[in-house]
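Straight from Swiss-Prot, the features:
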- 175: N-linked glycosylation site (CARBOHYD)
- 264: N-linked glycosylation site (CARBOHYD)
- 416: N-linked glycosylation site (CARBOHYD)
- 438: N-linked glycosylation site (CARBOHYD)
- 507: N-linked glycosylation site (CARBOHYD)
- 1-12: signal peptide (SIGNAL)
- 13-539: topological domain 'Virion surface' (TOPO_DOM)
- 555-623: topological domain 'Intravirion' (TOPO_DOM)
- 540-554: transmembrane segment (TRANSMEM)
């Protein structure tokens with residue numbers, strides 16, 4: 001997958017040089033009439049109809065480029081082979097156990113392609129567990145094999161024609177993808193192309209590339225430079241670009257980054273020009289420019305033509321024209337065309353006027369009105385173009401090297417400048433005296449014997465040296481695949497991590513792989529736990545459990561507190577019982593002592609009486 005840089009501005013230092021279209025190497029001047037003066041042919045300067053009479057080796061080329069809207073990805077699938085197993089075990093005492101298992105195996109390429117072909121007959125059968133076969137005192141396994149296709153579009157690099165994807169073990173060739181598929185880092189999957197469509201990305205399908213015709217010619221400013229021009233690309237220096245292949249086709253990356261193929265490549269375009277192969281340069285695709293050169297130049301040509309027609313209208317109406325009006329008759333494009341020289345004539349108009357305060361006194365028209373109180377003759381000098389001449393000249397662009405706004409004769413690079421010129425005078429106006437100008441062809445003014453001033457500049461101004469401010473969609477591929485070698489200049493970019501579990505959408509095979517990590521024996525009902533309905537049930541169970549747990553803790557606390565109170569009462573009762581027992585024991589002891597004393601008394605009495613009547617005493621004590 002390529003990295004899209006949605007906002008990338010290419011800003012080059014703009015250095016505009018003034019370029020003037022000067023008539024040189026002119027032929028002889030010939031007088032013409034006013035109605036024979038005509039405007040130069042002004043076409044859209046970037047159109048193919050605008051000709052270069054002085055261009056060398058001029059011809060047309062057909063160049064093409066991919067459509068920006070096209071995709072550089074290939075249609076295909078990630079193919080997986082799965083065994084869905086149902087295991088049923090039944091014991092002799094009729095206890096049944098059912099287990100489900102999904103086993104991932106390495107798929108065969110032929111089986112994957114067959115599965116793709118079956119898509120034309122409808123969607124593939126969704127995998128399912130086979131019905132359980134349970135028998136008494138037996139363990140039965142039922143399994144079904146399925147090929148699972150997951151639509152996935154890897155990136156086809158148009159420079160090396162290799163297929164890149166973060167899931168691939170290594171970049172894959174187109175031939176390998178057709179014969180054995182592209183192996184993934186996960187060996188249980190293989191990427192295969194969609195055999196139902198052409199094995200090429202839309203980006204590289206040149207059947208619907210954008211093609212234009214360009215004019216190829218040598219630059220008038222530098223014979224060692226070749227230029228291409230067309231309304232779509234403007235004026236391009238071919239030798240400032242570099243050669244690069246794209247989708248297996250030869251082409252040129254222009255200085256501004258655009259890549260174009262050369263459909264009818266000619267040796268004249270590349271001989272004697274230093275066009276080298278690109279080294280590490282990636283092409284971009286122009287999406288927007290901040291100026292519409294073609295439309296602007298079209299409007300400019302129309303306006304210049306209107307100004308030229310206005311100048312001719314003034315000439316035909318015998319109106320005064322100035323050097324700016326004269327400059328509109330000159331072409332702004334290099335080539336061969338007419339250059340005009342205007343010669344001035346003057347005449348004096350005499351009027352007889354009377355002063356307002358002279359009354360009925362007759363005026364004298366033979367005397368000057370300023371020396372008479374009655375009025376007199378007024379003289380008015382008029383200046384105008386009296387004759388017109390033209391010559392067939394070569395119009396060549398010349399750069400104002402010292403950038404002083406003037407063209408020096410030395411800047412003409414040895415080309416002959418016409419020595420014909422005329423002195424034009426301007427009438428006094430606003431209290432100022434008139435001026436005398438040394439004017440040559442097309443209203444050019446000699447401010448010094450070797451220095452010219454031109455009112456208008458060539459349309460080449462700013463076109464050859466103007467660098468467009470362009471927004472690109474640039475394709476970079478060095479950091480897409482993690483296993484690729486990163487060059488030193490690419491370290492500033494953060495590698496793109498496109499691991500399946502981070503970037504891709506979750507599908508049912510993802511949970512299958514996660515299940516296999518934790519254990520192979522999984523009940524099918526577990527999957528339902530992750531559904532939205534089961535989540536609500538799960539949270540309800542948790543809430544009820546929390547309430548029951550809280551209530552149980554509260555009851556336990558009350559029971560412990562109650563038991564503590566009963567134990568205190570029991571201890572008090574025991575203490576009372578012990579004190580009563582001690583008192584009873586004390587009383588019993590006293591009674592015993594009393595009985596002992598009484599017995600001792602009787603013993604003593606018996607001993608006293610024993611001497612006289614022993615038999616009677618014995619009978620007493622028996623009772």
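Residue 1 is the first one shown; counting continues down the chain.
Note: Cβ is positioned from N, Cα and C throughout, glycine not excepted.
If you average pLDDT over the topological domain 'Virion surface' (13-539) in this model, you get 73.
Calculated from their C-alpha atoms, the gap between residue 175 (N-linked glycosylation site) and residue 438 (N-linked glycosylation site) amounts to 77 Å.
Residue density at residue 416 (N-linked glycosylation site): 12 other Cβ atoms are found within 10 A of its Cβ, drawing on all protein chains shown. Annotation note: residue 175 (N-linked glycosylation site) sits in a helical segment as assigned by DSSP. Least packed by the Cβ count within 10 Å, out of the glycosylation sites 175, 438, is 175.
According to its DSSP assignment, residue 438 (N-linked glycosylation site) is in a strand.
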